[in-house]
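Feature list (source: Swiss-Prot):
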type: ACT_SITE; residues: His20; note: active site, proton donor
type: BINDING; residues: Asp28, His106, Tyr128, Ala129, Asn130; note: substrate binding site
Amino acid sequence: MKKGTVLNSDISSVISRLGHTDTLVVCDAGLPIPKSTTRIDMALTQGVPSFMQVLGVVTNEMQVEAVIIAEEIKQHNPQLHETLLTHLEQLQKHQGNTIEIRYTTHEQFKQQTAESQAVIRSGECSPYANIILCAGVTF
């Protein structure tokens, strides 16, 4: 049995295949996922698992150098936005690097998901609970 934090074989596999600047999406239950993009569906029911639970597990295993977030989260989900910024600040300290935070429109965000290696769908049912993680290197 794998000893690391990620037991889901699909998530573990996609993270292990990421190269520098490749992207991986963690999203809420409502984000449309392009047919051409690998879908890893973790959603069990509304809110389970939460966006932050999935993001926490993924970022424990993935080196992150930048993130892309929809601008709309600031107005429509400010509590999650603050939680997300706190998580990214802690992740920077843990990884020992600066994580660039880029904002874009939700429409542009949805278009960018098509370029990702995979989209991991959580059970989150709050607005704009989505992030594109850009892979960094550990050296």
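Heads up, the Cβ atoms here are built off N, Cα and C, so glycines get one too.
Mapped onto this structure are the features recorded in Swiss-Prot.
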residue	record	CB count, 10 Å
His20	active site, proton donor	10
Asp28	substrate binding site	21
His106	substrate binding site	17
Tyr128	substrate binding site	24
Ala129	substrate binding site	27
Asn130	substrate binding site	25
Requested in this report: Could you measure between Tyr128 (substrate binding site) and His20 (active site, proton donor) for me? Cα positions, answer in whole angstrom.
Outcome: 26
Requested in this report: Could you name the residues, excluding Asp28, His106, Tyr128, Ala129, Asn130, of the same chain that surround the substrate site, i.e. Cβ within 8 Å of the Cβ centre of those residues, in sequence order?
Outcome: Cys27, Gly30, Leu31, Ala70, Glu72, Ile73, Asn77, Phe109, Glu124, Ser126, Pro127
**Report entry** His20 (active site, proton donor) and Ala129 (substrate binding site), Cα-Cα, nearest whole angstrom
**Finding:** 24
Query raised in the report: Where does His106 (substrate binding site) sit by DSSP, helix, strand or coil?
Result: helix
